[in-house]
């Protein structure tokens with residue numbers, strides 16, 4: 001079924017007005033699922049390129065995140081949203097991440113490919129105001145299947161330190177119930193993570209260090225992050241399903257996993273849609289090659305900020 005841009009734009013307006021119908025959500029779910037095909041197109045081209053990432057993960061944007069983005073940006077139109085489908089590659093160090101970022105750009109100068117790069121954001125050399133760092137590329141499908149043309153996905157490239165920082169921000173956001181990366185939350189909370197980003201990347205001066213230590217003593221950020229303890233359902237670590245639906249039950253601090261094989265995307269997306277109706281459940285549908293890499297790619301869903309804490313404490317000890 002081909003879904004028109006006009007219809008998706010209209011559904012986006014309904015979401016902004018909180019007047020969406022069940023039919024709207026069904027169409028949006030189908031539209032969101034179609035981005036899997038575009039992500040697969042990208043993965044099939046880049047999967048054997050070097051340097052090899054530690055892992056590559058894919059995810060479909062959560063309905064709550066779609067709503068939040070439409071609310072934050074009044075001029076945003078749903079059919080123009082660039083990150084409904086998201087691919088992320090994480091590398092051992094910044095040198096590998098940079099090399100890969102440059103190679104991908106060169107690779108896609110070939111206009112015969114199904115995808116083309118339409119936007120590049122270098123948040124490594126120009127970090128976001130909150131301290132976020134990484135490389136972002138937006139791809140648009142422009143050759144091949146007619147019904148996929150103009151569909152966009154976002155490709156993020158990070159090194160491990162950048163990934164640890166971003167994960168810690170997401171974990172704290174879940175606990176505080178304020179989405180820091182969307183600009184929500186208290187000023188001192190955002191300041192702490194901004195200063196952590198500077199520290200991790202060796203840009204913090206004495207004034208920054210004193211302020212960071214003061215904020216941590218006041219709010220106990222590192223202790224809070226280390227004390228988060230989620231109960232999660234047992235996962236078969238030998239299982240290699242294509243899709244995992246992760247559901248974090250916020251009130252119970254309970255994490256559930258639903259594995260699906262390659263032919264079950266329809267069933268996975270239907271369950272995803274149902275879980276998203278509950279405001280106390282933070283769910284995401286991801287595609288990853290193993291449970292081991294699932295934990296590395298999405299440690300925020302496991303409440304695991306250990307690597308971030310170790311990194312910050314190690315940097316502080318050197319100063």
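Placement of Cβ uses the backbone N, Cα and C atoms for every residue, glycine included.
Note that the structure is predicted; figures quoted are calculated from it, not measured.
As annotated by TrEMBL, domain 'RelA/SpoT' applies to 58-180.
For the domain 'RelA/SpoT' (58-180), residue counts in helix, strand and coil come to 48 helix, 33 strand, 42 coil, using DSSP. Per-residue pLDDT, averaged across the domain 'RelA/SpoT' (58-180), gives 94.
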